[in-house]
Every structure is written in C-alpha cells, then in structure tokens.
C-alpha cells in the first residue's frame, strides 16, 4: 500500500502557515472565519493543498467551506493522492459522501494506480466501499501490480468488504489474477481466512487455479499451516498432488514446515508421499533435512520411504546427518533407514556425512545401528579420515571404540593421522599417536 504523506504537523516547515495551525488545534470556527481564497490556491509541501489538510482534520463543515472558496475537489499531491483518498484513509464517511456529492472522482488513481476503492478495501471500510461503488468506482480497477480491491480485502480478512465487492461482480472477480497470477482465493488461503475462502468457493472460485509458479491455494495454506483452510479446499476437490514449478506438492510444503497434522490430512485424502520435486526430494527428505521428527514418523507410518534416493543419491538419513539432526537420525534408523547407503557422487555413507559434520550424537546412533566404521568412499576416505579433518575428538574416540582402523589409507596413501597433522588438529594427533 502506498504511503500517504499527510496528516502530521511535523511534515511542514515550522510556522508555515497560521491557517494550518488552526486546523491542527481544531479551531474550526476560527479557521472558517480566517481562510481566504489565496489560502485555497496555495500549494504546500509535496503539492498538498489546503483541501487535503482540511479533509484530514475531519471537520465536514470546514471542508464544505473550502470547497465553496474554489478548492479543486480532485487536486492531487505529489504521489497522486486526492482529498477523497485522504477521507477514505481516515474513515471519514461524512466527508467521503460530501466530496463525492461535490464531484470527486471515485475512479481517479494515484501514481501507483491505487484508487480510493483500493484504500477502502485494504482497511475493510465497507461503508466507504459502498459509497464509492454507488458513485462510479470501478470494482475491477487494478493497481500497478494487478491487485484489485477484492485481492486486498481477501488478503486482510475483511469479510464484509469481500461480500460487498462480490455482490457487484461475483463471477468475474473471483478468478481475477494479480501480476504473480494469484487469485483472491490464493490470498485468503495463504493468510488463513477460512470464512472468506468458503465465501469465494461458494461464488465459483476454482480451488485448482494456479499462479505463475503453478502454486494453488492448497499449496499456500499447506505451507502456512492453516489446517481448517486445507480441509475446506480438499473438500472442494483441490488437487492434493498438484506440483508447482519446482515440483513441490502441498505435502512437500507441509512436511518442510513441520505441519504434521496437515500431512496426515493430505495423505488421508490420497496425497502420495513418494512424489519427488525436480531435484528428486520426497516429503520425507524435506522433513528429515529440517529435523522434523514428528513429521518423519507420520510420513513413515503412511508409506513415506526412508531409503528414497534424491539428488546425488542422498537419502533422508544423509540429509539428517548433514544437518546434525540427531533425533531425526535416530527416528529414521528405528524405521529401518540404511546406515550404509552410499550416495551417488563420492560414495559417502551417512556415517561419512555425520563425521564430516561433527555430529557426535548422530555418529553414536549410526554405529549402534550397524554403520560400517571402515566404509570407504570413491576416494577410499573413511569416516575416521573425515573426523580427523574436522577435529572432533569425541567422534574419533567413538569410531575407534567401535573398531575403526586407524591404519587405513585413502587413494593418495594418507592415513587419518596424516590428515590430522596436515590440518593442525593436535588433539587428534595426540590421540592417534597414543594408540599407535
């Protein structure tokens, strides 16, 4: 919403005009007695007129007096704001009515193409909305980003305003898209406005409509965690498996944000937990990468694969180890995730990843579930090599305790001790030399 540069005395030079002081002090009778036509013709900072200030004061009688002295009813500030916009922004319904009666244009737009109707919809002022609509305001007017007044009312949860706007042009309005392709339903869903979502659907809004990124209202509500809106949308036959431009379904987004209840709800409606994004990630990958244990458990209980290979062959367990999410590592292992699955790039196992990340708790979970402490990747690097490079004494000790062979060499003939010396990890050097 554009900024309205009006309404505070500090905006104007000190002592700029005693006539303004009368308005600020609400000395309206004195103002009307003192104001002259020269005052009305004067232009104040930012191209504001005396009429703008008088409207902002809220005194309808003074507004009428200034108009009688010849004030231009549709004059604009530097940003294109009319006195009518000022009245709407201040919720001054008597003055809105007065200005419209005196010829104010209800359709005039500012520099960002906002009309008075946009401002009224933004604030949920249904009285001003009705006055404007009854005096020629265009309900279909679009500001510079393509937003209609209905988009604004839906985003901000103003149900009465939405009802009024729909009563004027229901069928066309519900399907209109702003610059990013979002419909009013997208915005109501994203902000969790259930009653407005229901209202839009009852007026024919399409729950399968996609924006420019191919996201639906269900994507928006699932990502934001609005359970009741999700329920209403799936009841209206929203596509539970619809994929956006990145391949994300509503279930992917709910899993990513740890909205476990929504995951359950979507899968109960047939959402598939095995679908992949363009990078090969399943909802399980996303939940595991963020450490959302409850969501991981929920997905696994309804068929979400714990050993699915995503980009570069990374499994959910690889991702959890990379992030150091030890509780998630434990939950995946209990669900029979493979602790020795190599990824495709360099053949790293989850234990390699955990050691490189320095996650001691993850390492303990892995080795207690059968992870091979002497597994080698494509460069014959072992978990011990990586732990030595990282400098994690506790991880090195855990590996050695579970049988790690300190004598193993990588493809360049380097042992873990050599790695520690090269990296200046002297605690590790001392530990390995002591064992030697």
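Cβ atoms are placed via backbone N, Cα and C, with glycine included.
The feature repeat 'ANK' is assigned by TrEMBL to 46-78 (among others). Across the repeat 'ANK' (46-78), DSSP assigns 19 helix, 1 strand, 13 coil.
Looking just at the repeat 'ANK' (79-111), the mean pLDDT is 97. What TrEMBL records for 79-111 (among others) is repeat 'ANK'.
Taking Cβ pairs closer than 8 Å, the repeat 'ANK' (112-144) reaches residues 1-2, 79-80, 82, 84-85, 87-89, 91, 93, 96-97, 100, 105-106, 150, 152-153, 156-158, 160-161, 164-165, 168-169, 172-173, 176, 178 in its own chain, all 6 or more past its ends. According to TrEMBL, the repeat 'ANK' annotation covers 112-144 (among others).
Annotation source TrEMBL lists repeat 'ANK' at 145-177 (among others). Here the repeat 'ANK' (145-177) has Cβ contacts under 8 Å with residues 115, 117-118, 120-126, 129-130, 133, 139, 183-185, 187-188, 190-191, 193, 195-196, 199-200, 203-206, 209, 211 of the same chain, all six or more residues outside its ends.
For the repeat 'ANK' (180-212), the list of distant contacts is 145, 148, 150-151, 154-157, 159, 162-163, 166, 170-171, 173-174, 218, 220-221, 223-224, 226, 228-229, 232-233, 236-239, 242, 244: same-chain residues at least six beyond its ends, Cβ to Cβ under 8 Å. Annotation source TrEMBL lists repeat 'ANK' at 180-212 (among others).
Marked as repeat 'ANK' by TrEMBL: 213-245 (among others). If you look at the repeat 'ANK' (213-245), the same-chain residues 6 or more away from its ends with a CB under 8 A from one of its CBs are 180-181, 183, 185-186, 188-194, 197-198, 201, 207, 251, 253-254, 256-257, 259, 261-262, 265-266, 269-272, 275, 277.
The repeat 'ANK' annotation in TrEMBL covers 246-278 (among others).
Taken from TrEMBL, the feature repeat 'ANK' covers 279-311 (among others). Listed as Cβ neighbours of the repeat 'ANK' (279-311) (distance under 8 Å, sequence separation of 6 or more from its ends, same chain) are residues 246-247, 249, 251-252, 254-256, 258-260, 263-264, 267, 273, 317, 319-320, 322-323, 325, 327-328, 331-332, 335-338, 341, 343-344.
TrEMBL lists 312-344 (among others) with the feature repeat 'ANK'.
Shown for the repeat 'ANK' (346-378): DSSP residue counts in helix, strand and coil, namely 17 helix, 0 strand, 16 coil. The repeat 'ANK' annotation in TrEMBL covers 346-378 (among others).
Per TrEMBL, the feature repeat 'ANK' maps to 379-411 (among others). Remark: secondary structure over the repeat 'ANK' (379-411) totals 17 helix, 0 strand, 16 coil, with classes taken from DSSP.
Same-chain neighbours of the repeat 'ANK' (46-78): 5-7, 11, 19-20, 23-24, 26, 28, 31-32, 35-37, 39-40, 84, 86-87, 90, 92, 94-95, 98-99, 102-105, 108, 110, counting only residues six or more beyond its ends whose CB sits under 8 Å from a CB of the stretch.
Beyond the repeat 'ANK' (312-344), the same-chain residues lying 6 or more positions past its ends with a Cβ under 8 Å from any Cβ of the stretch are 282, 284-285, 287-293, 296-297, 300, 306, 350-351, 353-354, 357-359, 361-362, 365-366, 369-372, 375, 377. Long-range neighbours of the repeat 'ANK' (379-411) within the same chain, counting only residues 6 or more positions beyond its ends whose Cβ lies under 8 Å from a Cβ of the stretch, are 346, 349, 351-352, 354-360, 363-364, 367, 373, 417, 419-420, 423, 425, 427-428, 431-432, 435-436.
With a cut-off of 8 Å between Cβ atoms, the residues of this chain six or more beyond the repeat 'ANK' (346-378) that come close are 315, 317-318, 320-326, 329-330, 333, 337, 339-340, 384, 386-387, 389-392, 394-395, 398-399, 402-405, 408, 410.
Secondary structure of the repeat 'ANK' (279-311), assigned with DSSP and counted as helix (H, G, I), strand (E, B) and coil, comes to 17 helix, 0 strand, 16 coil. Using DSSP to sort the residues of the repeat 'ANK' (79-111) gives these counts of helix, strand and coil: 16 helix, 1 strand, 16 coil.
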